[in-house]
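All remarks here apply to the structure that follows.
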Amino acid sequence: MKSKILLLSIASTLAFSPAFAASNSTNQNSATTANTTSNQAATNNQADGEVLGFLVVLDQNEMTAAKDALSKKVSPKVKSYAKMLWNDHNKNLKETMRISKKMNQSPVDNSQTTALKQQGQQTEATLQPLNDRDFEVAFIDAMVKGHQDALNAIDQNMNTVSNKELKKHLKATRTSVQHHLDQAKKIQQSLQNSNSNANGNSNS
């Protein structure tokens, strides 16, 4: 009986001793830190997954538009541009999926990717019935707008991506998209100039 009382007394003393309290506090802090780290990792994974999802939809949209252009009777410069789009975005899509597999992180859809998908579907629906000059003008106009929108979205996503390799890939994608935009603007200006010349000749 005395032994039991002694043990209870020791346990009570330890529970209220500074050393025991400090140890208990340390354990609680460690658990809190672990939970915070785990939550932060989950947040980073979600953000990176959404960036992957954005890149996948972006590449798919541009490849679809390029495929439409290549199926039409278009001028050599527009055809060359469409080929460049297809090749660059196809390569970019493969790299995105390689990084996704390496990260063990699947692409994730969000409101941005949903809106981007809808934009791609709308562009395709607008372009498909057009032919010849009408198609060229609409296609290039869509590429100027689409690539400018893509640049803005990439800049937004640049602030949320945490994986270093994915961020590097996002920067490379931005460089490619900027080049596509610059080329589209040149063709757009060329089409506008030729249209102005045609109108001028018809009024002569």
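Every residue, even glycine, has its Cβ placed from backbone N, Cα and C.
Note that the coordinates shown come from a computational prediction; the quantities given were computed from them, not determined experimentally.
Model confidence over the domain 'DUF4142' (49-187) stands at 97, taken as the mean pLDDT rounded to a whole number. Annotated domain 'DUF4142' per TrEMBL: 49-187, in sequence order.
What TrEMBL records for 25-44 (among others) is region 'Disordered'.
Distant neighbours of the region 'Disordered' (104-124): 45-46, 48-50, 52-58, 60-61, 64-65, 68, 96, 142, 146, 149, 153, 163; these residues of the same chain sit at least 6 beyond its ends, with a Cβ under 8 Å from one of its Cβ atoms. Per TrEMBL, the feature region 'Disordered' maps to 104-124 (among others).
Annotation source TrEMBL lists signal peptide at 1-21.
Counted with DSSP, the region 'Disordered' (104-124) comes out as 14 helix, 0 strand, 7 coil.
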